[in-house]
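A quick write-up on the structure given underneath.
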Amino acid sequence: MSIAKGKNALLVASSYYGPFYPDGKNTGVHFSELLIPYNVFKKAGFNVQFVSENGSYKFDDHSIEESKLGDFERKVFNDKNDDFWTNLNNMKKASDIVGKDYQLLFVAGGHAAMFDLPKATNLQAVAREVFTNGGVLSAVCHGPVLLANVKNPQSVEGKTVVYHKHVTAFNKAGEEKMGVMDELKKRGMKSLNEIFAEAGATFIDPPNPNVNFTQIDGKIVTGVNPQSAKSTAEAAVSAL
């Protein structure tokens with residue numbers, strides 16, 4: 001029997017799709033950071049519902065380049081009959097979601113997350129409800145930016161759900177290695193190291209921005225990059 005049979009998971013995507021990269025390509029939600037966790041949760045027995053702030057999504061241009069797809073990702077990307085697409089095309093907007101119906105929330109990344117998730121008040125409300133009801137909040141790469149903006153309803157001081165938690169995410173060293181830190185700065189955006197420091201979290205840098213690296217602190221589970229998508233999703237299942 002599947003370990004999560006009868007349980008429900010929310011898989012969160014950014015709704016933003018637009019200019020970001022120095023080469024003129026657009027950012028959106030990262031393809032493999034949606035697909036890989038979806039596969040983990042389905043195998044574990046979860047009912048999976050995709051959601052974004054306004055019910056729309058588009059993939060980050062670089063994340064669907066042929067050279068960026070592994071064998072599994074390429075197979076699913078080219079097979080539009082795969083149930084991944086059926087479920088993805090049933091994406092809901094956050095205002096239509098009842099958070100208490102879900103035991104786990106996972107946020108995919110892509111730099112797009114930095115554009116809309118800090119202001120995605122409906123997604124933040126859903127995440128808060130999942131957390132209040134004892135659910136797991138998990139995210140990978142740039143997805144953790146949502147968690148840094150979710151207030152803990154049990155905190156009278158209005159602290160975030162990541163306050164005094166050990167977290168990780170795509171860090172400043174990674175942005176610099178990609179050559180996009182200046183792209184963030186000129187849009188008035190900070191690195192995730194800075195964002196989590198302001199949210200009262202303890203940010204744990206990976207030994208290298210490109211390695212598989214995950215942090216688990218109670219019901220808060222975070223990962224660094226696409227390489228960490230599988231391990232972060234698996235850790236979220238275990239945390240539940």
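Placed from the backbone N, Cα and C atoms, the Cβ positions cover glycine too.
Record features, source Swiss-Prot:
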type	residues	note
ACT_SITE	Cys141	active site
ACT_SITE	His142	active site
ACT_SITE	Glu175	active site
Taking the Cβ of His142 (active site) as centre, how many other Cβ atoms lie within 10 Å?
29
Rounded to a whole number, how many Å is the Cα of His142 (active site) away from the Cα of Glu175 (active site)?
11
CB within-chain contacts under 8 A for Glu175 (active site), separation at least 6:
Met181, Leu184, Ser191
Cys141 (active site): tally of other CB atoms within 10 A of its CB:
29
DSSP-derived class (H/G/I helix, E/B strand, else coil) of His142 (active site):
coil
